[in-house]
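Copied straight from Swiss-Prot:
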BINDING   38, 39, 40, 41, 42, 43, 44, 45  ATP binding site
DOMAIN    6-245  domain 'ABC transporter 1'
DOMAIN    262-507  domain 'ABC transporter 2'
REGION    504-528  region 'Disordered'
């Protein structure tokens with residue numbers, strides 16, 4: 001019998017004559033966690049779709065050996081029956097069903113006559129959650145009553161209930177808090193000890209380093225290297241991923257900061273479900289021409305609610321004023337905001353940033369169709385010219401602008417959303433989690449773009465949950481806590497500890513602000 005549970009040998013997958021995978025080899029032993037690393041568009045998701053039979057046997061070349069025997073699965077149900085289970089970045093739970101019902105979906109236990117055996121399902125679900133160290137979870141409650149971290153564990157329980165021997169985790173921590181991530185990594189270590197193998201796909205390389213035994217890197221559809229994690233470090237992984245050394249993830253190009261161009265006055269947002277509760281409480285701040293303002297805070301602090309209100313996209317009731325060039329402007333809808341010179345790249349690009357049924361190019365020009373309108377028709381040649389320029393400027397990887405945008409990787413979808421907003425020629429650009437789910441190479445390109453836009457005089461507001469990112473690219477940092485402004489810092493030798501201390505402080509406390517706060521006379525961007 002082979003030492004390997006899984007062997008993928010010489011995998012080739014072609015789309016319209018283009019090789020998305022070109023001879024990739026991957027091997028996984030029982031109880032081993034293999035980190036699958038690569039930039040967006042490198043082929044990671046395509047490879048996992050081959051393995052899980054989303055692309056069935058016969059639609060690709062090469063061979064898959066499972067326990068030393070050829071695997072020629074034609075459907076996901078066949079691979080799951082073999083013990084290969086994938087947990088996607090977007091959870092597949094049904095919110096209104098109970099935890100137990102979600103765990104047994106498609107594999108329900110029944111009594112004679114076909115009735116559901118709910119007591120048996122609840123007992124088994126409770127056993128699974130205890131194994132995952134969540135003994136107090138009420139598996140009879142709707143899964144929607146639990147947060148993202150617990151829902152991720154329900155997905156793992158669902159996989160274990162299918163007798164998973166190989167667990168594929170695709171960006172499993174993208175919506176989790178730091179503490180939830182620690183729980184997840186601990187559970188993966190426990191599963192490894194029980195002989196369950198894992199393939200871990202994540203752009204968060206610190207997680208990859210913490211949980212993986214082996215690193216396999218692919219680039220442009222080709223296998224670059226497979227190395228024991230003990231012989232690797234994060235800079236080496238990055239070098240293999242991007243094909244070049246990156247001495248500094250955050251660009252250090254200086255840019256001048258001008259006069260105040262934007263002002264938010266007394267922004268207050270009320271909870272959608274509880275209109276008496278304030279999600280954002282009377283926040284005011286200014287923004288200068290060419291300035292990059294980072295907004296930091298803990299999960300639930302109100303950062304997304306704040307910027308959504310500024311752009312006119314907050315779904316609940318809100319109040320306050322937005323001023324541009326010393327004059328109040330109407331930003332009560334996204335269209336009015338765009339016309340005023342304010343645009344936003346939203347946090348949830350799949351639901352709010354793209355139209356899935358449209359092509360890449362159509363998504364890029366969606367916000368500026370008036371620019372190409374001639375009476376009752378669109379000037380297709382002019383539109384395509386703009387699309388090609390944006391694809392080139394954004395280094396967007398696509399075989400054709402006419403392909404569905406859903407055919408792109410997450411990072412390239414994000415570049416398309418950015419291109420769409422930049423075609424509006426904004427004076428103020430809001431970026432909400434702009435690099436979430438984006439690989440390290442694409443992150444660097446986005447940071448470079450932000451610096452170039454700031455150098456052109458565009459004022460930028462960036463919300464990010466990654467403190468290193470906030471400190472790496474921002475000129476100034478606002479800290480939000482429990483819906484209120486807790487700190488306003490010039491980013492000069494500012495530390496993550498100072499930002500966290502402000503986020504955890506009570507707004508208005510003397511200690512919640514650094515002495516440098518509100519000192520906005522520093523017109524040169526810090527260098528890192």
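Cβ atoms are placed via backbone N, Cα and C, with glycine included.
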Relative to the Cβ position of residue 40 (ATP binding site), how many further Cβ atoms are located within 10 Å?
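23, counting other Cβ atoms within 10 Å of residue 40 (ATP binding site).
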Rank the binding-site residues 38, 41 by how many other Cβ atoms lie within 10 Å of each Cβ and give me the one with the fewest.
41
Around the C-beta of residue 43 (ATP binding site), how many further C-beta atoms are within 10 angstroms, looking at every protein chain?
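Result for residue 43 (ATP binding site): 25 neighbouring Cβ atoms inside 10 Å.
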Could you please provide the mean pLDDT value for the domain 'ABC transporter 2' (262-507)?
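Over the domain 'ABC transporter 2' (262-507), the predicted model scores a mean pLDDT of 91.
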Which of 39, 42, 44, 45 has the fewest nearby Cβ atoms, counting only those within 10 Å, among these binding-site residues?
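Taking 39, 42, 44, 45 as the binding-site residues, the minimal 10 Å Cβ count falls on 45.
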Near the ATP site, what residues other than 38, 39, 40, 41, 42, 43, 44, 45 in the same chain have a C-beta no further than 8 Å from the centroid of the listed C-beta atoms?
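Other same-chain residues with Cβ inside the cutoff are 46, 218, 409, 439.
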Let me know the DSSP-derived helix, strand or coil state of residue 44 (ATP binding site), please.
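DSSP call for residue 44 (ATP binding site): helix.
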